[in-house]
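Step one of this worksheet: look at the structure below.
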Amino acid sequence: MATDTSDIAKQGYVRVRSRNIGVWQRRWLVLRKATSTTACRLEKYLEEKHARTHTGQKVVLLTPATSITRLPSSVRKHAFSICFQDGSVKSVACDSDLEADTWVKLMVQECLEPQSGLSAGEPDILSPGIQKELQEQFHVYLVPSPKLDVFGECLLQVTHEHIYLWDLLSPRTKLAAWPLTALRRYGSDPAKFTFEAGRHCATGEGMFVFHTLEGEKIYCKVHQATLAIAEAHHRSRRLHAVPSAPPQSLIPSTGPTSSVPYRNSTSPLQQFSSSENLPGSQERTNHSVMPLRDVPTTSQSFDNILNPPRVSSTVGGTSRCSLRSHLLQFQAR
């Protein structure tokens, strides 16, 4: 039986300490990388030949791992331990220090450290916490699209202003980028993340679908970023709209001012009106784009907190939103 080895980071014979009797047992261990459909994990087999047919495999997910460190020689030579969130520990011994160091290095890279990407070569001006958040990348499978020459497994990254797509094998190679201000709308379900790009994106307008296990997490990051953009835009609009007359003479603006930072004819920021025109504006938005495929999801808390029903919709249980809906929300206040 053929076995896919493209996601194998390392494999070989090691000795794994039994949790019940404390005996170090010889096993064939396989470290598999995270993909759009599976998490980073260890597979344990009695013999190497069993790995080819997946006979008697035992799987240990590394997603909940909190630390991977070398053990002192007094405990066991050439060994390391994996600590998990539930307090459990798995200990593994190798034939040499070099082999143990290699296992530790690869596992830390695959399940603990964020992939290097956007921040490479750029000034280090952010705090470590913010840097780590911006460097976080998600394993996705890009569905073939006539707008892009690439498809398949890749890394998706969300920053304050863009969605970036990076090459899986060469994480410093950027495949595509979409400004958040140019997204017509976006949505997610438990199996994928989807967005519709406007015509002023480098890829042109169109739908882009990414199969992933982290669709809801990607959605929340995009949602937070677009909400922040809308709030900043609203503050800038109000600041530049204040005239020199007394406060009682202030009236709401009925159109975009010359100071609006985004004047894209197809951008979600175009010509949003005052609160009395919200229903009509929302109706035009709903009928001007292709419907997203609705698949039930249980992650709706972010929408429920931030978006009133009249400015964002949840159809068939699918998370969906747009930058325009955020702008309409702030305009209605």
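Note that Cβ sites are derived from N, Cα and C of the backbone, with glycine treated the same way.
As recorded in TrEMBL, the features of this protein are as follows:
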- 250-283: compositional bias 'Polar residues' (COMPBIAS)
- 296-317: compositional bias 'Polar residues' (COMPBIAS)
- 7-112: domain 'PH' (DOMAIN)
- 131-236: domain 'IRS-type PTB' (DOMAIN)
- 238-317: region 'Disordered' (REGION)
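Summarised by DSSP class, the composition of the domain 'PH' (7-112) is 21 helix, 45 strand, 40 coil.
Mean predicted confidence for the domain 'IRS-type PTB' (131-236): the pLDDT average there is 88. Break the domain 'IRS-type PTB' (131-236) down by DSSP state and the numbers are 30 helix, 44 strand, 32 coil.
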